[in-house]
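Read the structure below first, then the notes.
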C-alpha cells in the first residue's frame, strides 16, 4: 500500500472544491467568490445574453470600477469615450443580472484587489477568481486565488465553476527577521530576483517562515500580489491570528457564532508537517536589502546598494541577450550605482502598494520635505476606505504640503490604460508590480520599489538607500 502523506495548504483548499473529476478531463472546481471589473467583463455578460443564461450565484459576484476610471474626477465626463462606455456597460450589466456594484460614486469603490479584502469578501479557504492577473493578492488570506480570461469569466458567471488542472506545490521559506527599511515589497522582489520570471511556472507557491509570519495582512497581500510575476499560478499564506484579527467585523465576514465556527475551520488551513512540496526554496531575511529593478521585468532586480549588472558576466546566453535588450530600453550603463539613477516621475499606488500602511510608510519620507525640482509625484489610494482613513490621519496634507498630488482611488499609472500615464523617456519610481516595456506608457522606463523608497526618491530626485540619512 502506498504511504499516505500530509497535504499542503494548496491541496487542502483544492481538494475541498472539486465538484467533479471526469476521467481524462480537467477537474471541475467550485468558485466561492467572483470579482469583476469594467475591462474583462463586457464580453462575458454579452455571452450570457446571447445564450439566454442567468447568473448561477449573483450573490457571490462582486463588481467594481477601477482600471479605466479617472483619479482626477469622479465625473463620467472625465473619462475617455471608451472608458465611459466600459463603466456604463458594467453598471448596466450589474443592474440587469443582479450583481452588487461599487461604482465610481460608491464610498467603497476601489481597486478590486484592495476593496475585496477590506470588505471581508476575501476569506480563508475559499476559491476566488477575477479577470485580472493579480488576483493572487487574495492568497494572503489562505485563499486559492488566480486570474482568469474573459471566456472563463463567462463560464463562472453561468456555472460558478471552472475546469482547472491541478498545479504543483512550491514552498518559499524566508527565515529570520528583516532589517529596518525592508518591506514586503523588497521580500517579494528578492524572491523573484532569485527564482526569475518563470521560476514559479506551473506551481502554486506557499510563502512561509518567520519573516512572512511577521508581516501584516497588507504586507502579505503585497507578497502574494506579485506571485504571478515569477510565473506562479497563485501565492498563498496560511491564515493565523493576524488574518483573523484583520477580518473580524468586516462587512462580509462571518458574524457571531458563525465567526467562531469559521475561525475553528480556518485554523486547520495549514500545510501538514509531512506534506510534500515539489520544490522548496529558502531565503535568509537578513540578506534582503531594499530592492530596486534595473531592467524590464521584475526579476531584473538588485539591492539599492548595488550597481547595474553587466551582461558580459552572465553565462546563460538567453539571459545575457535579455539583459542587453533591457539595458538598451531602460537607458542604463553597467556598473552605474543604483543611488546615482535620477527619476522625474513617482507613482505610489496600485493593487500592490496602495493600502493605508503603504501610504503611512511613504508619508514618513515626505513629511517636512519637498518633492525635488523637476519631479512629478502622485499618490493614489487603493480604495475609498483607504483614502478616507488616510485623510483622517492627515496623510493627504503631508503629501500635498510636500508637493505630491493626492488623487482619487483607481488603478491609475500601473498601466497605460487610463489618463494617468508616462511620456516617452520618463523614468519613474513606481510601487506597482510590472516594469515591462511600455507598461506605464509608450517609451516609459519603470523602476519597481517600495512606497518608502518611492517617496524618498521623490524628494531626493534620485534613488536613495532609505536605511541611511539622505
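The backbone N, Cα and C atoms fix where each Cβ goes, glycine too.
If you look up Swiss-Prot, you'll see 351, 411, 414 marked as [4Fe-4S] cluster binding site, on the strength of sequence analysis.
Locations of recorded Swiss-Prot features on the structure.
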residue : record                        : Cβ within 10 Å
351     : [4Fe-4S] cluster binding site : 27
411     : [4Fe-4S] cluster binding site : 31
414     : [4Fe-4S] cluster binding site : 29
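Residue 414 ([4Fe-4S] cluster binding site) falls within a helical segment according to DSSP. In sequence order, 66, 67, 111, 113, 134, 349, 350, 352, 354, 410, 412, 415, 432, 433 are the same-chain residues whose CB sits within 8 A of the CB centroid of 351, 411, 414, the residues recorded for [4Fe-4S] cluster being left out.
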